[in-house]
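Record features, source TrEMBL:
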type: ACT_SITE; residues: Thr169; note: active site, nucleophile
type: BINDING; residues: Arg197, Val198, Gly199, Asp200, Thr220, Gly221, His222, Gly223; note: substrate binding site
Amino acid sequence: LGRMKPVIVVHGGAGRIFKEREEGCRAGVVRAALRGYSVLKQGGSAVDAVEEAVRSMEDDPHFNAGCGSVLNEKGEVEMDAIIMDGKNLDSGAVSAVKCIANPIKLARLVMEKTKHMLLTDHGAHLFAQAMGIPEIPEEKLITERSRERWKKNLEPDSNPEEFQKDLGTVGAVAIDSEGNVACATSTGGLSNKLIGRVGDTACIGSGGYADNHSGAASTTGHGESIMKVVLARLILYHMEQGMSPEVAADTALDYMKTRVGGLGGVIVVNKAGEWAARFSTKQMSWATVKDDNLHYGIYAGEKHIKSVDEAVASERRGF
């Protein structure tokens, strides 16, 4: 059996990335991609790699996932996450979870330790306790920026829709040397959302989908729109019809825009290891590593390329 060359692609959310946050977002997706790639290089599975990459971004306050998540209407953090293994279509997800650092880790435990695919809120909390996942005080997840934004959105003349433009979700897709694919996606959701709101992230086929027969996709953007078109699965369907990852992604994003007026972004890898990072929003932070080369960008048409060795060295120096 020919060995596949491993590939990882990550995104840090589609939308509008403010100037002062650009560097942090770029550095954050690059770090996540390098971490995921090092898992793959050491013979780790695609599932291990996407979990590691997403965990790295959950721990980074620049992103709306884990620490740095936006607040719901009551000023609380409620997070959603999903992981999926393309080998056997196993998946695990959690929704509306509070007071844990890494929802993606909990999603993986749902996949591996239960017969279920999605645990929510209180039940997810009990499961986390049973699995020995430490609870952390909510304050640890809340950044100054999230609190500021929440307050702004509470003002009578505020337009929360305006703020939804820099929607963050983080995600990763990978193919390992065995040819197995996987995806992982994690988010704090929409700012000032109703309590108990669950978006696309925790929903299989919407926030992510992985199948060795075609590939893997992770999405970001307006959750309700993504759910209406089941965006991740739609992209894989297009690839099954023979489209390249890039054309499949653009076709699906275009359909979402024309059909339901929704904007978003996606990262994709197919079973041959070809990848794409595409978005219909102004920006999306993304990074990928293939053939020991790192590619990354934020704006449409922007693509920087570095060798992995060079990237790792500058990562050690602090970018």
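Note that the numbers count up from 1, one per residue, in the order the chain is shown.
Cβ atoms here come from the backbone N, Cα and C positions, even for glycine.
Automatic prediction, not curation, is the source of TrEMBL annotations.
Positions of the features from TrEMBL, shown on the structure.
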residue	record	Cβ within 10 Å
Thr169	active site, nucleophile	33
Arg197	substrate binding site	17
Val198	substrate binding site	21
Gly199	substrate binding site	24
Asp200	substrate binding site	31
Thr220	substrate binding site	32
Gly221	substrate binding site	27
His222	substrate binding site	24
Gly223	substrate binding site	29
Between Val198 (substrate binding site) and Thr169 (active site, nucleophile), the C-alpha gap once rounded to whole angstrom
13
Within 10 angstroms of the residue listed as 'active site, nucleophile', Cα basis - binding-site residues out of Arg197, Thr220, Gly221
Thr220, Gly221
